[in-house]
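Novice: This is the structure I want to talk about, given as structure tokens.
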Amino acid sequence: MRAAILFCLVASSMAVPSGSLGSRPGTCPPQPSDQVMIEATRCSYVYGLTWDWNCNSQGQENYKCCQYENDIRICVPPIPADVDEEVGVEQPSQSVDQVRQAIQKTQDFIRKVGLYPAPDQRRRTTPTPDTVRWCVSSRCQMTKCQRMVSEFTYSPNMVPRKQWKCTQATSQEQCMFWIEQGWADIMTTREGQVYSANTTFNLKPIAYETTINDQQPEIQILKHYQNVTFALKSSRLVNPNTFSELRDKTTCHAGIDMPDFDMPASFADPVCNLIKEGVIPVTGNYIESFSDFVQESCVPGVLNMTYNKNGTYPLSLVTLCEDQQYKYSGIKGALSCLESGKGQVTFVDQKVIKKIMSDPNVRDNFQVVCRDESRPLDEEIFTDVTCHVGHTARPTIFINKNNTQQKETDIKTLVVKMMELYGNTDRDVNFNIFDSSVYDCGKCQMTGKPLNKNLIFLEESNTMKIVDDSKVYAGEVYAAYNVCSKLVPKPRAKICVTNVTEYEACRRFKGIAENIPEVKKVAWGCVLANSSIECMQAVHNNTADLFKANPMETFIAGKEFLLDPLMSVHRNDSVTMNHTYTRTLAVIKRSSLAKFPGLLSVPEGQPKYIKDLWKLKICSAGLKNFSAFHSPIGYLLANGTIPRIGSVFESVNRYFQATCVPEIEPETWRLDSDLLLGREMNWGFSSLNMYNFTGQEWLLWNTPATWNFLTYNRKVSTGLDIKKLIELKKQNLTSHIFNQNLSSPRNVELLDDLVGVEGISDLVKGVQDTIGPEGKQKMNMLRDRLSNSFPNFEAVRTLSDKVDIVNKMKDARQQRLQNKDHPFGNVIQETFQGHLMVDVFSKLLELRSDKISTLEEIISHVKTIPYLTDFKDVEITTVLKHPAIMSYVEIYFPRLSQTFVEPFDNVELREREFNRYTNPLWLSPKVHTYLDLVKNHQTEITKTCNSNLPLNFKGYEGALRCLKSGVADLASSTSRPSVTRTLRDTDLSTGWVHLQRPPPSLPQRQVVEIDVNMDIAKVCNFGEVMNPVLVTAYNTSGSWRWNITKALMIAHQSVALPALFGEGTVMGKDYDMLLPIAPLNQSYQPFLGSKPLRSMEAIVKASSYDWFKDQTGICYGETYTNIVKQRNETCQAIVKDVTCVGTPRMKKISVGRFGAKQFKMIKMCSRPSKFVRKMADFQCDNGFGYLKPVITAVACECMLCEEMIEYNTSFTEDNMWSDVSNKYVLTGEQDIYRQIPIWGNNSYFYDHTLNKNFELGNHSIIVEHVQTVVVERPSPGILSQVNSEVDPEVQVQMDSASLTKTCETVWNGQSWLPERFQGYKTSGSCVVPETGANAKSRVDRFRQIMQRKQQLVDHHH
């Protein structure tokens, strides 16, 4: 979609064959000779685009406006469209370069129009040879301009005669942009604006102001410069004497943004010049480099948000005048700062120097610092360039450099005339361009000074000079500013905090860090937000860089805001010295084991397993700690032990006999107070995500909760900004786009490569210029269908715009029904006011098929849904990545879909991950119904807690108290030392745990004794709970991450440590160290670990009422994240696959193809039934990456638990086979069957020990893997097949009489994808293997069976 928009803009900015308005037939010829270029007529451009009708001189009626090197546009005769390519049509490489340049210019145009809006359409007149439009940027300037243009227009001496007009912008930069685009013609600039006008906006200087009189003659080497800056010091000081000795000195400056003062001469000009000459080393941008060069300064205003946008500039820039910036601002303030001894040097211009020299009483008190020595104040310093620290360009007049040569010459002539007629007149009698005193503009509220100063022109100026095009204008200024403009700021690290105490601590850390050599290589800053969600959003939006997040915040930050962990914040009571804080455990009373009689018969020392967890009552420590509720409950939800039906609370309440989760009473606890549980309702933001609509409306209203809270708006670096494109549409700047021929073959061929969107050309290939009667009828039918299916309204909405959203939808639908007679494209344009995207699709709608129109409708509606408009309007790729849209695009635009998906993506996995996407309409509750159900289950869950009010069950110790009191059987806990001490003193056993290498009996849980040192917790746990981490945006570079990590590690061992850790600090009192995280784990999925990750993914899944989940005999799958590791686990990829769950019954099946059928009870398990091979993106620990296909499961069914089940057919059991005399006896060499295989004579029918394919006499089903297959007579090509992944010592026998339902391990893919689980050995079915003395190998068991059979045969004989 973004590419379609970009293509249209690019197509309109090129000279392509077209018969539309603004473009003449033919193509641009190759660049002509230099002489032709000089003599040719220049042509202007409008809206940043070239227009042929600018070539309107006599004889140029068919000329085209063509652009060549150095951005020069001239009128040239075109090459006819029907001329063969060999005659001179541009070669493909030239076309590629031209389109690429057009793309860059279009992006620059869109960026600027967002910063500097275009004038309204009434004032957006096109450039003509007879009109000159002067642009000003204030009301006072406009007053003077109106009088000025009146004089110019009606004066008979202002020849050549022109019509002069004024146009007012809001800033000088906006004026520059308007002139660049042809919406204005001329303006004056001063100081730093002179550089911006020429470099940023491509304007051309034609004249400059100056002051020449007897007292101030023009100095040739300084004629282009308004001011020359000098470094002034007190003559009492020995140092500094040279520029290099300015290092580590204190400096005073007039300021950086104060009005009515010559600021560039005081700061920017000298600093940039000293950087250019190598005096000031480059350590960041020019302000940062200067602050590192000097010791302390007084630069009034430098920390204001106008300049200090990131809030990271060092406080040392205002240390000398922190509380008195206004007092020391301006030239007088800077001199006062110097004279008072606060600073050792200040920077002033030549006018100040001359004023000091004119006073003999103070002249000897100062000296100027030059490159090699300090000098007294004398006239020689003005011509001695070694004493010039900086230069300020004179006020300069700029015009569009793409004006025609004639218009440029006319304007220069008129500037000379303007000076002659109005430059030296009596200001009291006649109009004078340099006089501003006659205009009443009020006074400045800050200073009380009148505002009618230096309007348009400087009052001190008295003449104007035309710039000589053959010479460099203001070269010293451009040289210095070019250096500064290319400087890269220090890596920024703004820490986001959520309370005032942490914010003040962050400010203290910033002040300390700016004085530590290695740490100050980073620009530190602080951001105060209202909540952790706002901090995540700030980091995502690049207004902050770091945020300390606990494990649940880390998960939400990564999943919703694309943030990555950078460093872990080590807690001082962590169980390890790495990133692990604690481990999630569960404990059960020994007396509760009596509920499971089967455990009593297990011999001492043998493992005990609990299968039916639903028989238990549980106690939780509450929702404040991840290990207390989210980790264990989430993991049981993820592996299917607890069926997810409705909300998490409802699922838990349905499953266990009783539950105590303290402090979740519905009267006091809200869903949005918990980051994981609150995602269900978008953290309290109003939403209609569960409202009962019908059909497509239901789908669209249910999708917000199935997608990210924020967007991937920074995912595609080359994407165009939709908001700015909308601005173009609003200002009618895009009408020319649809006058281009979208089906131009050359442009279509370039689309995929140049725009970077493979498949976008599919949208425009084969587009027809007309629609036949059938097509029109089809469009009318489509229009009627969509008008009844879609409620349309304005696409751009804000958070406050959702209260009456349903009513607006109904009203919009009625409007659609009333507009049936309108063309479909017009209806869309009327409905979606302001959307350029709709314009593009309307054009395509008229030319292509209903597939595009359907996609356009879906996209438009998704963009109107809450939380898809508030934050996701920035890039259209966001909408394309929406699951509902992706599923449609994958069918109809498969190539286009591959552009906007991650390397690993699958429709089926996506549907299971966003399960409301497939939830039936009749099972989708309304919001209030859902909330009522949640509250009912909250009430029931807290009954167990509230019925024992005298006992406090809050926290981990409260949960253990709950167990001891007999209220519950089992509780969640943690391996933290303070909790484990309580465990050792309590009559409890650890249980409900997950082994490090799971036995094949999960979701049973092994019960083990609590050892003295709690070492069992290292392997028996629900997963490790990680320490909090500093998260940052996903698209920060590797160098940035290392610079920040290194700086924080150095700060940890410096005087900054007390500001980082302790009471009232940035990290807090419970933490003591920052640990770097390896790049391979700098994503939230691998850092959190598989068990906690799946636990949280299960908690945040959208609620669905899938009735089948708690029914036996049903198998289904849930999508979760998995980590694929390769190359000795040094490379990993993050993928999605399916976890198979369910409780299938035993299945009775008949086996055998011939002979009597046998009926066998077969154990069924939920297993993957469908696999796909998708590309995965592997990242390695050394920064290397590669793409490689991996196989993953996408669907589940009830299947055999084992890959192979062996059985013996009925006819092999006949007694006949016990007598070898039953063989067919050959009658001699002449027997006709001698050369024919006789199956009844095969020896293994009579002696089964001769072939391992038979295991007779075993009436149970043997479930095992066959390691070796042996044939009696090996044939060529048949080899022994060995499976090295199988453990030959594992043997399992299933008793069909006692086993009624599955208890197998969750299918994670260990067997079917060995490369993902290296070192894993398949372990058979779900029943506990025989161990110890009773364990028998398969060979031993087989021999025993055969011995019994042989005994029967001998007895028969």
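Each Cβ is built from the backbone N, Cα and C atoms, and glycine gets one as well.
Because the structure is a prediction, the values reported are computed rather than measured.
As listed in Swiss-Prot for this protein:
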DOMAIN    132-478  domain 'Transferrin-like 1'
DOMAIN    493-1101  domain 'Transferrin-like 2'
CARBOHYD  N227  N-linked glycosylation site
CARBOHYD  N310  N-linked glycosylation site
CARBOHYD  N402  N-linked glycosylation site
CARBOHYD  N499  N-linked glycosylation site
CARBOHYD  N530  N-linked glycosylation site
CARBOHYD  N572  N-linked glycosylation site
CARBOHYD  N639  N-linked glycosylation site
CARBOHYD  N692  N-linked glycosylation site
CARBOHYD  N1035  N-linked glycosylation site
CARBOHYD  N1043  N-linked glycosylation site
CARBOHYD  N1081  N-linked glycosylation site
CARBOHYD  N1241  N-linked glycosylation site
SIGNAL    1-15  signal peptide
Novice: Far apart in sequence but close in space: which same-chain residues, 6 or more away, have a Cβ under 8 Å from N530 (N-linked glycosylation site)?
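Specialist: Within the chain, N530 (N-linked glycosylation site) has Cβ neighbours under 8 Å at T498.
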Novice: Out of N310, N572, N1035, N1081, point to the one nearest N499 (N-linked glycosylation site) in space (Cα versus Cα); all of them are glycosylation sites in the record.
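Specialist: The answer is N310.
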Novice: N499, N639, N1081, N1241: which of these glycosylation sites has the highest Cβ count within 10 Å of its own Cβ?
Specialist: N639
Novice: In DSSP terms, helix, strand or coil for N1081 (N-linked glycosylation site)?
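Specialist: Reduced to three states, the DSSP call for N1081 (N-linked glycosylation site) is helix.
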Novice: Return only the integer: C-alpha distance in Å from N1081 (N-linked glycosylation site) to N1043 (N-linked glycosylation site).
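Specialist: Roughly 18 Å, rounded to the nearest whole number.
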Novice: Using other CB atoms within 10 angstroms as the count, which residue among the glycosylation sites N310, N402, N1035 scores least?
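Specialist: Ranked by other Cβ atoms within 10 Å, the glycosylation sites N310, N402, N1035 bottom out at N1035.
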Novice: Measuring Cα to Cα, how many Å separate N572 (N-linked glycosylation site) from N1043 (N-linked glycosylation site)?
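Specialist: Distance (Cα to Cα, whole Å): 25 Å.
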Novice: Determine, to the nearest whole angstrom, how far the Cα atom of N1035 (N-linked glycosylation site) is from the Cα atom of N1241 (N-linked glycosylation site).
Specialist: 73
Novice: Measure from the Cα of N639 (N-linked glycosylation site) to the Cα of every one of the glycosylation sites N227, N310, N402, N1043, N1241, then give the nearest.
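Specialist: Looking at Cα distances from N639 (N-linked glycosylation site), the smallest one goes to N1043.
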Novice: Quick one: what's DSSP say for N639 (N-linked glycosylation site), helix, strand or coil?
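Specialist: The residue in question, N639 (N-linked glycosylation site), is coil (DSSP, three-state).
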Novice: Just checking, which of N227, N1043 (glycosylation sites) has the fewest C-beta atoms within 10 Å of its C-beta?
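Specialist: Checked N227, N1043; of these glycosylation sites, fewest Cβ neighbours within 10 Å: N1043.
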Novice: Could you state the CA-to-CA distance between N1241 (N-linked glycosylation site) and N1043 (N-linked glycosylation site) to the nearest Å?
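Specialist: It is 80 Å, counting Cα to Cα.
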Novice: Out of N227, N310, N402, which of these glycosylation sites is nearest N1043 (N-linked glycosylation site) by C-alpha distance?
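Specialist: Sorting the glycosylation sites by distance from N1043 (N-linked glycosylation site), the top entry is N310.
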Novice: May I ask for the distance between N227 (N-linked glycosylation site) and N402 (N-linked glycosylation site), taken between their Cα atoms and rounded to an integer number of Å?
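Specialist: Between the Cα atoms of N227 (N-linked glycosylation site) and N402 (N-linked glycosylation site), the distance comes to 30 Å.
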Novice: At the Cα level, what's the spacing in Å between N402 (N-linked glycosylation site) and N310 (N-linked glycosylation site), rounded?
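Specialist: The Cα atom of N402 (N-linked glycosylation site) is 37 Å away from the Cα atom of N310 (N-linked glycosylation site).
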Novice: For N572 (N-linked glycosylation site), list the number of other Cβ atoms lying within 10 Å of its Cβ atom.
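Specialist: There are 10 of them.
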Novice: Return the average pLDDT for the domain 'Transferrin-like 2' (493-1101) as a whole number.
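Specialist: Mean pLDDT for the domain 'Transferrin-like 2' (493-1101): 66.
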